[in-house]
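**Student:** Let me give you the structure first, and then I'll get to my questions.
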Amino acid sequence: MFSLIIVESPTKARTIQKYFGKEYKVISSVGHIIDLPKSKLGIDIKNNFEPQYMQIKGKSKVIRNIKDEASLAGNIFIATDPDREGEAIAFFIKSIVKNKNVKRALFYEITKDACNTAINSAGDINMERVEAQKARRILDRLVGYLISPYLWKLIRFGLSAGRVQTVALRLICEREYNIKIFKEDEFWTIKGLFGEENNSFSCDLILIDNKKPEINNEKEASSIKSSLLKSTFKVVDYRKNKKELKPPAPYITSTLQQESSRRLYFSAKKTMMVAQQLFEGINLGKKGSTGLITYMRTDSIRISSKAKESTKLYIEEMFGKDYIQTKEIKQKTKKFAQEAHEAIRPTNIRHSPESIKKFLSPEQYKLYKLIFTRFLASQMAPAIYNETKVDLFNERHTFRGKASILEFDGFTKIYPVKLNNIQIIPLLNKGDKLTPIDIITEQHFTKPPSRYTEGTLVKDLESKGIGRPSTYASIISRLLDRKYVEIIEKRIHPTELGEIVEKTLIQLFPDIFDIKFTSGMEKDLDEIENGKIKYIDLMNDFYPKLKEKMDKIDQNKESIKKNIEKTTDIKCPKCGSPLILKWGRFGKFLACSNYPACKYTKPIEKKTKTIKPVGEKCPECGADLVYTNGKFGSFIACSNYPKCKYTRAIPVGVKCPEENCNGEIIQRRTRKGRIFYGCSNYPKCKFSTWYKPVNKICSKCGNYYMEEHKGKNGDVKLICSKCKHTIDE
C-alpha cells in the first residue's frame, strides 16, 4: 500500500514524485476543485451566510482520480500551497476523500530535504485559515454580485465592481485627477562652491534668517547671489562620522513585484508566473528537477537558521570573512506577516545564477538572478562610509555641505547603492572663515505626481493595507482585462470607461470602497486567521451596511440615474427632447431622454486629433509631414496616411555628441518596446543611451547637454554625461 501526496500543480507533482520512491504517489488537483457557483450569488444570507459550494465545471475527471487514488492509499498528505487558498483547497480535497489518515503537509520549498521534512512533520488542516479564506471569498462575492448590477443599469451590461479592485481603481483615478489639476510652480535653489579653485566643495543654501529659503524667480535668485558673492562665511559646525549602510531585506511578494517592474520591466502577473516556475521545479540536467526558490507568496522576511548558516559559509568562500554579517540586522516586519513563511530566497545558495543559466529561460534567469543577488546581499556585512558635514554661516545665510567616502563596500560589492554627496571636504575648524569661489543658481519647477507603474501601485496598495501578497498581480490584471485602465509607456492610465465606473461606484457606495474601510477589512481577515474574531461576526457587521446602502439606492434610483446621466444641449431630431450621454457595448453614444417612447440614438464621432504641421515635405510622396500621437507617444507622420505610411521619430533637440556626426538624437525602441535614445544617422553612427538627453548646459563643466535620470519614486535628476554633475529637477 502506498502513501498519496496531493499538490495543486502538475509541474510540482512531477518534481516531487522524483524525490520519493514507489512507496509514494504524487498527483495534482490542478487548482481549486470546489467553489461558489458562477450563475448565482451562491450564499444563503439568512442561514448565517452559508456558502453553497459546488463542484467546478470540468473538474469531474480530476475529482474522480483523487477519490480513486485515495481509496487505495494508506496515508494521504495534502500539500497544496501554504496560504489561505491552498488551505481551502486542502479542506475541500479532504471533504471528498473517505480515508481517515489524512494529514496536511506544508511545502515552503520544493527540494528533497524540505519535502521529506514536511511529510514527517505533517499535521492537521488549519481551520481558522480556511475560515479566513471563506470570509474573503464571500465578501468578494457579495460585493461583486450585489453591486455590479447597479453598473449594468446605470452604464452598461457586463461591467463589474470588486471589493479590492474598485479601491485600486480609485487610487489610479484620484492620481489622474491630481495630475490634471496640478499647477506648476517655479522655484530656485542656490549652491555655493568653497575652498580652493581646483579643490572646491559644494554646499547647499539651507536657511535664510533661520527659515527654509523660498526663492520664486530669477530676479530673487540673482539678488541673493550678488550679496553672497561679497560675503565671508564662518564655519559654525564641522563633524566627521562613520556610518553604516544596512543591506536590504530579502524580497517578499510586494517588493519582488516592485523591483522586477523597475529593473526587469516585468508586469506583476509575469513576475508571479515566472516565480511560480522557479518554485515548482526546474530540470537541472544530471541533478534532476528541483525548486530553485522558496514560496513566492509571502509577506515575511524571516530566514531559516539553516539557510543563514549555508549562506554564511558561501560568503566567506566567495568574498572573505570581512563580508560576513557579524550581528543580525533588524528589519521592519509587517504587523500581520505570516512568520511561518520565509522570505523569497534561493533554496540552495550553491546554485548561483551563472552556474545554472543554461537550464533557465531568459526570463527565469533574470528573475532568479534578482532574487539570488538580493538574498545574498541581505546576509552580507553593512557598507561603511565616512560622512563629513559642515555648516557655514554669515549674518543671514546658512550653507550646509556633505561629503561621503566609502571605506568598506560590504554588501554593495554585489548590490550597488549610489552614495550621494561624493566629494571631499577638507579639514576645517570652527571659526574658520571662507569666501565663496562661486554661487550657482538653479531653476526648478514643481512636478505633478507621477502616474503609477505596476510596481509603484503594488507599493501603494501594500502601504495602505489593501490586498495581500497573493492578490496584487490579479488586481492589476482584472483592471486591464476589464479595460478600466491601460498601460502606456509603463505607466497606468485610467480609461474613460474606468473613470466613469469609479465615479459611479464611489458616488453610490462611498463607505464600501473607502480606502480605510477596505484596509480594516483585510485586518479583520487576518484576525479570523489568527483566531481572534469569528467569520460570522465579520459578516454580521459588513452585510447590514451594504444592505442599508442598497435599499437607499433602490428607493432613489431614478434621481440617481438622472444625476449620473449627462443631459446635453442637443435636441432629439425626432421628438425634440434633450439627448443624454450614455454608454454602450462599443463606447459612448447619444440617446433620447424620452425613451422608450422615442428610441432615437446617435453614435458619438471620435474627436479628430489636432494636426500640427512640421513644415517639411514627406520624402516618399511629397505630402506635408505632421506631428501625430500613437499608443507610445508622439511621432512625425505623413499627412497622406494611410496611402503613405512614412513615419519618423521626433528629435529631442540635442545634436549627436559623436565627433564628425551631424545627426540628431531621437527616441527609439528596442524589440521588446523599451525606450532608448540614438542617433538619426544610425546605422552609420552607433551612439545610444538609455537616458533622455536634455538641451541644458552643465553648470560645472560646460557640456552642452545633460541626461534625464528617473528614480524609482518618480523623482527626476539631470546628470552630466561627462563630469556626472547632478541637479534635481
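Note: Cβ is positioned from N, Cα and C throughout, glycine not excepted.
Fair warning: this is a prediction, and the values are worked out from it, not measured in the lab.
Residues or ranges marked as domain 'Toprim' by TrEMBL: 2-110. For H32, R136, R137, D140, Y145, W152, R297, R482, the entry in TrEMBL reads site 'Interaction with DNA'. Taken from TrEMBL, the feature domain 'Topo IA-type catalytic' applies to 126-550. The annotation region 'Interaction with DNA' is assigned in TrEMBL to 160-165. Positions annotated as active site, O-(5'-phospho-DNA)-tyrosine intermediate by TrEMBL: Y295.
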**Student:** Using CB atoms and a 10 A radius, I'd like the single residue among the recorded sites R297, R482 with the highest neighbour count.
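**Tutor:** Counting Cβ neighbours within 10 Å, the top one is R297.
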**Student:** Within 10 Å of H32 (site 'Interaction with DNA') (Cα to Cα), which of the recorded sites R137, Y145, W152, R297 do you find?
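**Tutor:** Passing the 10 Å Cα cut: none.
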**Student:** On the DSSP side of things, how many residues of the region 'Interaction with DNA' (160-165) fall into helix, strand and coil, could you say?
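**Tutor:** When I sort the residues of the region 'Interaction with DNA' (160-165) into the three classes, I find 1 helix, 0 strand, 5 coil.
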**Student:** Let me spell it out: for each of the recorded positions (Y145, W152, Y295), count the other Cβ atoms within 10 Å of that residue's Cβ, using every protein chain shown. Which one has the most?
**Tutor:** Y295
**Student:** Within a 10 Å radius of its Cβ, which of these recorded sites (H32, R137) has the fewest neighbouring Cβ atoms?
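**Tutor:** If we count Cβ atoms within 10 Å for the recorded sites H32, R137, the smallest count is at H32.
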**Student:** So which one is it: of the recorded sites R136, D140, which has the fewest other Cβ atoms within 10 Å?
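**Tutor:** Counting other Cβ atoms within 10 Å of each of the recorded sites R136, D140, the minimum falls on D140.
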**Student:** According to DSSP, how is the domain 'Toprim' (2-110) divided among helix, strand and coil residues?
**Tutor:** 34 helix, 26 strand, 49 coil
**Student:** According to DSSP, folded down to helix, strand and coil, what is R136 (site 'Interaction with DNA')?
**Tutor:** helix
**Student:** Nearest by CA distance to R297 (site 'Interaction with DNA'): which of the recorded sites is it, out of R136, D140, R482?
**Tutor:** R136
**Student:** Averaged across the domain 'Toprim' (2-110), what pLDDT does the model get? Just tell me the whole number, please.
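**Tutor:** Mean model confidence (pLDDT) across the domain 'Toprim' (2-110) is 95.
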**Student:** Measuring CA to CA, name the entry from the recorded positions D140, W152, Y295 that ends up nearest R482 (site 'Interaction with DNA').
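**Tutor:** So, of the listed recorded positions, the one sitting closest to R482 (site 'Interaction with DNA') is W152.
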**Student:** To the nearest Å, how far is the Cα of R137 (site 'Interaction with DNA') from the Cα of Y295 (active site, O-(5'-phospho-DNA)-tyrosine intermediate)?
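**Tutor:** Cα of R137 (site 'Interaction with DNA') to Cα of Y295 (active site, O-(5'-phospho-DNA)-tyrosine intermediate) measures 22 Å after rounding.
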**Student:** Roughly how many angstrom lie between the C-alpha atoms of D140 (site 'Interaction with DNA') and W152 (site 'Interaction with DNA')?
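**Tutor:** D140 (site 'Interaction with DNA') and W152 (site 'Interaction with DNA') have their Cα atoms 18 Å apart.
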